């Protein structure tokens, strides 16, 4: 079988991600496909989140909605971080208003021994990617989506969303052998799911470590980093890789050593400062970010000022050599009650830079 | 009337806060008075949170409970950040499992105009402080408790707890005049409430800016810092001042310029790195923190290792002159389901340092 992957080095996002000068400032927004869009709410009516992630036509439609509406430079595969767990046979559901909930928390050695590992292609997702690629133009990149092992481990150990990740951190520290066995299995599952996406033709990928910001840098380095690095290594040289976590200002240095070409930056850290931390640890990388999603609620003038500030901070980092490019994004995800017209306007303002 | 304030320079917490060498490593824990203690849950049975904060006997008992049980070096006044708003006549209640909820959100100029300002002593709290001071030993400091204006503004503008503070940030950016009028009124209320506590004899105070970590440093400097600084200035030279907010690693430099002698540090930032950021902005200060509250769930060996690490990081900052002292604490509050015996053991381990 020949690879379905497109050759689109001139797509602005791919150009920026690979260190070339893009034809326009590329931008996409985390959670651009989601509840802020009326067409998304309509498409999801009566369909559970996880069901939606396994329906090829539906996941393809939802993935393409923000590209059609906002003219963003990339689609991000509509998925959820627990999709590979579900595909592996883990008893997990996504409860509206709460998030992923496990049938049973994974806390003992026996629980880890019994955790299934994904060992096959996720054909519905592969099929959905095929449909997406038929719709996207050559200037529009498709970014694959995988959750990082720490975040998945937290959902498994806590049994659901957690505010403080106590049980996860306690397991990591008090039972390191169980912890590492768990991370091993999750990593294998994530790698297999990523392979599904790569084989189906994604142009780029983002590794989301949603909860990594709840770790100290020491814990991150010892208990998490090797697994995230292993996942990223499996697609080294195959597609550009983006890595992001919320509230990870203190972790930018170790996270950047995991290997991604592009580092997503939380909105709390000015891009020029983020670039310095990343450069000192790993050399110049491409920055992604970092408009505060709350600024989409503050009116056009404020948005324009903030977009200008972020652009200047990125330009400053590129001028002094601490960054090798910039993909515009938020510094977290689009909030559900965001006015979609504000998102469209933000994209226009960014493209005018 | 003569001041009821005690003269206790040798109390370990006061010694450390004023840059002297304490007779033992002082420690207290944020939220040490609260749901982790069975005696607290018993005392609160059938009594609403805000009611409890206005009953002198009860608030005094709850304040002293952790001192009796854990042998910590300070009591922290049992209160809530909305107590001064309630005392001023604002329609606010604390809803169990949710937090402070306003009868009406404050979003317009007219809402701000109608917001009452505290203009009198909060006598029940003053009376409670008197009872506490009768019980405390000279080695045990009483820390007063006030919430910072940004955090209070967020509750007022959002109408309750918020995950992202969108309306607050939008108001700050889009309607700066309304924002500053609101902060002016809140600041006056907080200052009046602090005066109640100082007049009643607190030995020290902590300004809690719970949500400041949701701001960029630029927004913090421009829209928040002057008000927090004004509050701290009212007790300059009167009592030692502690300043803390969660997830404020990026804000330590500007926050330290607000004037407090002691800077509380979130558990994400190693104390020696925190000291460097503070020192560069404001010179050497006393550090407070910063054990991850999750470590109280990880068993004695892990706690001991983490306590040792934090002690070494603080000692390193003191040795190189970037910090002038260390008060042990958590890097956030005690979680409600913490085993109280783990807290007691942590205090013992810290006192053995």
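Placed from the backbone N, Cα and C atoms, the Cβ positions cover glycine too.
Values in this document were obtained by computation on a predicted structure and should not be read as measured data.
Site annotation (TrEMBL, ligand substrate) includes B:31, B:32, B:33, B:34, B:35, B:80, B:155, B:210; from B:332, B:351, the additional listed residue is B:332. Here the domain 'Uroporphyrinogen decarboxylase (URO-D)' (B:26-35) has Cβ contacts under 8 Å with residues 12-13, 15-16, 41, 62-63, 65-66, 70, 72-76, 78, 143, 244, 264, 327-330, 332-337, 343, 346-347, 350-351 of the same chain, all six or more residues outside its ends.
Take the CB of residue B:33 (substrate binding site) and look out to 10 A: across all protein chains shown you find 28 other CB atoms. Comparing the binding-site residues B:31, B:35, B:332 on other C-beta atoms within 10 angstroms of each C-beta gives the minimum for B:35. Classification of residue B:155 (substrate binding site) by DSSP places it within a helix.
Neighbour counts were taken at the CB atom with a 10 A radius for the recorded positions B:80, B:155; the maximum falls on B:155. Distance from the CA of residue B:80 (site 'Transition state stabilizer') to the CA of residue B:155 (substrate binding site) is 12 Å. Residue counts for the domain 'Uroporphyrinogen decarboxylase (URO-D)' (B:26-35) under DSSP, helix first, then strand, then coil, are 0 helix, 1 strand, 9 coil. The CA atom of residue B:332 (substrate binding site) is located 16 Å away from the CA atom of residue B:80 (site 'Transition state stabilizer'). Geometry remark: residue B:35 (substrate binding site) versus residue B:80 (site 'Transition state stabilizer'), CA distance 14 Å.
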